[in-house]
Number of protein chains: 2
Amino acid sequence: MKIDLTLYLVTCSDGLSEKDFLTKVEQACRGGVTLVQLREKKKSTREYLHLAKAVKEITDAYGIPLIIDDRADIAVACDAAGVHIGQEDLPVWAARKIVGNDKIVGTSAKTVAQALAAQKGGADYLGVGAIYPTTTKVITTLTPIAVLSDICRAVSIPAIAIGGLNLGNCQALKGVPIAGISVVSAIMKSENPEAAAQKLHAAVSDLLN
Amino acid sequence: MKIDLTLYLVTCSDGLSEKDFLTKVEQACRGGVTLVQLREKKKSTREYLHLAKAVKEITDAYGIPLIIDDRADIAVACDAAGVHIGQEDLPVWAARKIVGNDKIVGTSAKTVAQALAAQKGGADYLGVGAIYPTTTKVITTLTPIAVLSDICRAVSIPAIAIGGLNLGNCQALKGVPIAGISVVSAIMKSENPEAAAQKLHAAVSDLLN
């Protein structure tokens, strides 16, 4: 499946009502995110599925693929575009078996060895990082931009930079053959997610050229 | 898939080390449980999968089917015999889509209407209850034995009684056309899970005749 990874939004609903959360996601879609990953760690299966369906109504309206973090079963149940598999999640092969070949399976990598293994396992794209410190995940070690660059050159699947990226620091990625960047706080914690997404999309588009 | 639901163990690992938990499960298998459902609500996907594989080594050795609570994705990833879908989990159709037709999909029902809907949705068996108060789940209302009996007669799929059942109270189910009973504490909290399973299996076999 051909996907535009330019501006990959990972959601964070912490501290938001469902209504406010969905409003932020819609503003981000309007602003130009090219993909949305719904990421929930504390919800029951049914709650996660409920929210996934609500988000999918929005992403469908904007023609943006929805990726479900961690849960291949929920990706199937809500007919999302795919699933993102982290280090604490299923193996890539198991996710692929569950979602089939028509859906996206993305995964995370911190090293060239992990990236090559993920590609061999059938991953469609890689999230590489954290490039910078972030408050939305517990990060043990950062991934240097040089390693990100090595990974991009070592694999044939697209890789995106993740972790603490924003308008101010993403310029440091200029020249690195990434397919895009992933952000959480830079959009979800912005007072104006639409404008934040617009500016980030323009900045990343410039980076990629 | 033909399954023996006579004595259906639902696990509870709360307060146990992994080693002690697996020892209890093995003792229960040796004692005669006919099916094991692994039920974990707090673990990450990878932790749940790790434990599922460890339990499956035991159940495979005893030729007992392993059912995974809630997580159809983990059932696929560890190649369990099936998945049990509760009220807070995926819809039955979604679980069926994920695990395919060769695996078991069980679900819970409290009323004849829920039971008929579950059967129509493709469930292979029903867990009906709670018959008695239980400490292992938050129960809002109990299911009278008369309703359990109505459910058994309304559906063609097998139904088992769940909730607070033990050697002392299971005799009350005599004459109800159940396929078996499900227990947690009566085995998992026993000092001697093997003996507890043996006695329960004998008692339930007697009930079913």
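Quick reminder: no glycine exception, Cβ is built from N, Cα and C everywhere.
Because TrEMBL annotations are produced automatically, they should be read as predictions rather than curated entries.
Annotated domain 'Thiamine phosphate synthase/TenI' per TrEMBL: B:7-187, in sequence order.
What TrEMBL records for B:Gln37, B:Leu38, B:Arg39, B:Glu40, B:Lys41, B:Asp69, B:Ser108, B:Lys137 is 4-amino-2-methyl-5-(diphosphooxymethyl)pyrimidine binding site. Counting every protein chain shown, 19 other Cβ atoms lie within 10 Å of the Cβ of B:Glu40 (4-amino-2-methyl-5-(diphosphooxymethyl)pyrimidine binding site).
What TrEMBL records for B:Asp70, B:Asp89 is Mg(2+) binding site. When secondary structure is read from DSSP and collapsed to three states, B:Asp89 (Mg(2+) binding site) falls in the coil class. All protein chains included, B:Asp89 (Mg(2+) binding site) registers 23 other Cβ atoms within 10 Å of its own Cβ.
Taking a C-beta cut-off of under 8 Å and a sequence gap of six or more, B:Lys41 (4-amino-2-methyl-5-(diphosphooxymethyl)pyrimidine binding site) has these contacts in its own chain: B:Asp70. A gap of 10 Å separates the Cα atoms of B:Ser108 (4-amino-2-methyl-5-(diphosphooxymethyl)pyrimidine binding site) and B:Asp89 (Mg(2+) binding site). A simple Cβ count within 10 Å picks out one of the binding-site residues B:Asp69, B:Asp70 as the most packed, and that one is B:Asp70.
For B:Ser108 (4-amino-2-methyl-5-(diphosphooxymethyl)pyrimidine binding site), the count of additional Cβ atoms within 10 Å of its Cβ stands at 21 [all protein chains shown].
Looking at B:Asp69 (4-amino-2-methyl-5-(diphosphooxymethyl)pyrimidine binding site) and B:Asp89 (Mg(2+) binding site), their Cα atoms lie 9 Å from each other. Each of the binding-site residues B:Gln37, B:Leu38, B:Arg39 was scored by how many other Cβ atoms lie within 10 Å of its Cβ, and the smallest score goes to B:Arg39.
Following the DSSP three-state reduction, the secondary structure of B:Asp69 (4-amino-2-methyl-5-(diphosphooxymethyl)pyrimidine binding site) is strand.
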